[in-house]
Amino acid sequence: MPELPEVEVSRMGISPHMVGQTIKAFVFRTPKLRWDIPQELKLLEGQVIRNIRRRAKYLLIDTDQGTAIVHLGMSGSLRVLDADFPAAKHDHVDLKLTNGKVLRYNDPRRFGAWLWCAPGESHAVLEHMGPEPLTDAFNSEYIADKAQGKRVAVKQFIMDNKVVVGVGNIYANESLFKSRILPTRQAGQVTPQEWVLLVENIKATLKIAINQGGTTLKDFAQADGKPGYFAQELLVYGKAGEPCPECGEPLQELKIGQRNTFFCNECQQ
């Protein structure tokens, strides 16, 4: 599943080709992805793309007449191509530009989304979200306060979008390992000093992943079609049974909140 770094890499990849360009037409090859594709997106035809933003794992394509909101779901990807490039299987949405280019959305599992939001309004999918992890609003004081009295596992806690957005499964596993915190520990039992380290590692891990082009495990590709290379940097994710890179003991695996969780019983407390 594309997580925050992969979505940010997609934003960085498509923005230079799209901001300032005019939308010529939308082409929908399916009426529905995760949800019905709103016909209001057609209102954006003829509009200039003013900006492309990211909020959590959503991309927001802004015009004066509203915003197209894109979620990559489990297997979605975006590429900027020549408009006459033939559509392939699973190419479900085209956003055609007047400069002869097209933003093409491919999604084999069709669990992503294209939504629309009127000017000056906020879509329901973007409400009740915590701060972005790479901003100053996400800091150890903030999250330590949020965690007081919480009995939920710390891994599940930092993956809660109401607490902080965009800390997906891969990056939660890696950050907890680097911080030597067991993912099963109750969030309320994490000390202030440990929160300082964990916040630092979450930020650092996400930044490295963005610089590496994200993590390609199966479906994700960058806007130019290239894979992300952060998978080569993974310390514990997907490595159950392999030696811990710190102590050599076999890495463990269990499920927390239905998500695969990888850790070292010796190094993490």
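Including glycine, each Cβ sits where the backbone N, Cα and C put it.
The following features are taken from Swiss-Prot:
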ACT_SITE  Pro2  active site, schiff-base intermediate with DNA
ACT_SITE  Glu3  active site, proton donor
ACT_SITE  Lys57  active site, proton donor
BINDING   His90, Arg109, Lys150  DNA binding site
ZN_FING   235-269  zinc finger
ACT_SITE  Arg259  active site, proton donor
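Sequence features, as recorded in Swiss-Prot, placed on the structure.
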| residue | record | Cβ neighbours (10 Å) |
| --- | --- | --- |
| Pro2 | active site, schiff-base intermediate with DNA | 27 |
| Glu3 | active site, proton donor | 23 |
| Lys57 | active site, proton donor | 20 |
| His90 | DNA binding site | 17 |
| Arg109 | DNA binding site | 14 |
| Lys150 | DNA binding site | 17 |
| Arg259 | active site, proton donor | 16 |
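The zinc finger (235-269): residue composition by secondary structure is 0 helix, 12 strand, 23 coil, according to DSSP. The DNA-binding residues named in the record, His90, Arg109, Lys150, extend over a maximum Cα to Cα distance of 42 Å. Relative to the residue listed as 'active site, schiff-base intermediate with DNA', the recorded positions His90, Arg109, Lys150, Arg259 all have Cα atoms farther than 10 Å away. Within 10 Å of Glu3 (active site, proton donor), counting CA to CA, the recorded positions Lys57, His90, Arg109, Lys150, Arg259 contribute Lys57. On the backbone, the CA of Lys150 (DNA binding site) and the CA of Arg259 (active site, proton donor) stand 19 Å apart.
When the Cα atoms are compared, Arg109 (DNA binding site) and Arg259 (active site, proton donor) turn out to be 19 Å apart. Straight-line distance linking the Cα atoms of Arg259 (active site, proton donor) and Lys57 (active site, proton donor), rounded to a whole number, equals 18 Å.
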